[in-house]
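Asks: The structure's right below; bear with me while I get my questions together.
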Amino acid sequence: MASLGVDSEQEPLLGDRTPGSREWDIIETEEHYKSRWRSIRILYLTMFLSSVGFSIVIMSIWPYLQKIDQTADASFLGWVIASYSLGQMVASPLFGLWSNYRPRKEPLIVSIFISVAANCLYAYVHVPASHNKYYMLAARGLVGFGAGNVAVIRSYIAGATSLQERTSSMANTSACQALGFILGPVFQTCFALIGEKGVTWDVIKLQINMYTAPVLLGAFLGILNIILILTILREHRVDDTGRQCKNINFEEASTDEVQVPQGNIDQVAVVATNVLFFVILFIFALFETIVTPLTMDMYAWTREQAVLYDGIILAALGVEAVIIFMGIKLLSKKTGERALLLGGLIIIWVGFFVLLPWGNQFPKIQWEDLHNNSIPNTTFGEIIITLWKSPRDDHSEEPTGCPVEQAWCLYTPMIHLAQFLISAVLIGIGYPSCNVMSYTLYSKILGPNPQGVYMGWLTASGSAARILGPVFISQVYTAWGPRWAFSLVCGMVVLTITLLGVVYRRLIAFSVRHGRIQE
């Protein structure tokens, strides 16, 4: 029997196997064991490349959009940013349904091919004589559509791991996703050395510059990913105890595999977990969105300073998230997933409570007439612009401080830098904990049955949260200021904790609920 303690990702998390236990009698050949984990690691890579595909161009979309289409404005930028999540939200349930009834290679390869084609389209959006911005919108939407394979990836990993392996595998998956979000902007920064002009391949009208090189790299990595999936990925399914199960979506199941255990899924727990996951991603999306305008308003940072300092802060939070993902694998042994989810939500609440303005010190007021020197923070797209606005557009000294157009600047105390940093650290601890625990609990609630459609709905709820979170915070922050904005977020977290308390006893594994395994 292959040992499950070789690597951290296979380490038992819910108790060791002992002679006489049900798990002790489970036999898995070494060949099957190695094939199963090779396939899972290929999907770790796929998850990493999917998140890189989103973040590798996120810092250059605005200047590239301005370059290819002068009619593009801030509101259209918001649609371009949101199109990725919209595409993913639509595609996730579809790919999930597909993976329930066919070999999971099929939706994986098709989705990655769509992303490759979309990246190539993005590299050519400068070619049409008009309506270039709509081609960019379509390209980013299709990249998001291809990213709907996240549901297939998590469904596969959930079905190919036992309960003992599940939390660790889900943590590794989330760590790969977070690492992709961290390294994507780093790759973009390296390609900035090419410059805007770059080189042009006239025969095929291809421009290779700081805007197109990242997506061309993404297309190349996508093709490599398809090759790896075709050559290495194999269909594997095990039940909650680790026994091989018959793959209903794969024709070559061996005769010695056991049938998937039957039983009803707790739909109340499923719906509650979807709501919890939506709120968790909603809160983190709005925090990421508000970081730049908040620091510019409170600390009178210039655009250059905000991009630099906030970039460092968000990168540090990404590293912190990877560390938390790894630490959760050890901590879950002692506390359990539900307790970690509850603890993560409490930490997030404390983080936003710390962020509330206190005292009698007020931010510097930006009295200057702004006109074209900066853009008021009124929409999601306009908030995003602060990340890309080029210093070359400044014809005079850039005004800094809290714009007088935001009336709350005159009477709302400032948020001290120490407050902001402490809040960021706390949210950086709470969010990854809640993220992994949501996925892990969800997969255990669903049990050994095919999870593609259910994972698709969970992914779609997260995509909707990433769309609505920035819109919510941009409107509330601009109109009422940080005190109201973060108070509402605190109230939202309290309601979420209350919901978790109500369904706490229902968030248990399928096999535990049906009495096949003791919790």
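Every residue gets a Cβ built from N, Cα and C, even glycine.
For 39-508, the entry in TrEMBL reads domain 'Major facilitator superfamily (MFS) profile'. What TrEMBL records for 42-64, 76-96, 108-125, 137-157, 178-195, 215-233, 268-287, 307-328, 340-359, 420-442, 454-478, 484-504 is transmembrane segment.
Show me how these features fit into the structure around them.
Replies: Among residues of the same chain six or more beyond the transmembrane segment (108-125), those with a C-beta under 8 A of the stretch's C-beta atoms are 46, 50, 53, 57, 68, 91, 95, 132, 135-136, 138-143, 145-149, 152-153, 205-207, 212, 215-216, 218-219, 222-223, 225-226, 229-230, 233.
Note on the transmembrane segment (137-157): residues 39-40, 43, 46-47, 50, 53-54, 61, 76, 79-81, 83-88, 90-96, 98-99, 104, 107-108, 111-119, 121-122, 125, 169-170, 173, 439, 443, 450-452, 454-456, 458-459, 463 of its chain, located 6 or more positions outside it, place their CB under 8 angstroms from a CB of the stretch.
Residues 47-60, 208-210, 213-214, 217, 311, 315, 318-319, 321-322, 325, 432 of the same chain lie 6+ residues outside the transmembrane segment (178-195) yet bring a C-beta within less than 8 angstroms of a C-beta in it.
Same-chain residues lying 6+ beyond the ends of the transmembrane segment (215-233) with a Cβ under 8 Å from its Cβ atoms: 38-39, 42-43, 45-46, 49, 52-53, 56-57, 104-105, 108-109, 112-113, 115-116, 119-120, 122-123, 187, 191, 208.
Beyond the transmembrane segment (307-328), the same-chain residues lying 6 or more positions past its ends with a Cβ under 8 Å from any Cβ of the stretch are 8, 167, 171-172, 174-175, 178-179, 181-182, 185, 288, 291-292, 295, 301, 340, 386-387, 421, 424-425, 427-429, 431-433, 436-437.
Long-range neighbours of the transmembrane segment (454-478) within the same chain, counting only residues 6 or more positions beyond its ends whose Cβ lies under 8 Å from a Cβ of the stretch, are 78, 81-82, 85-86, 88-90, 92-97, 144, 148, 150-152, 154-155, 158, 270, 273-275, 277-290, 293-294, 376-380, 382-384, 406, 438-439, 442-443, 446, 484-485, 488.
Cβ atoms under 8 Å from those of the transmembrane segment (484-504) belong to residues 268-269, 272, 275-276, 279-280, 282-283, 286, 290, 338, 341-342, 345-346, 348-349, 352-353, 355-356, 473, 476-477 of the same chain, restricted to positions at least 6 beyond its ends.
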Asks: Roughly where does the domain 'Major facilitator superfamily (MFS) profile' (39-508) sit in mean pLDDT, to the nearest integer?
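Replies: Within the domain 'Major facilitator superfamily (MFS) profile' (39-508), the model's average pLDDT equals 82.
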Asks: Considering only Cβ pairs within less than 8 angstroms, which of the stretches 42-64, 76-96, 268-287, 420-442 has the most against the transmembrane segment (340-359)?
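Replies: Stretch with maximum Cβ contacts: 420-442.
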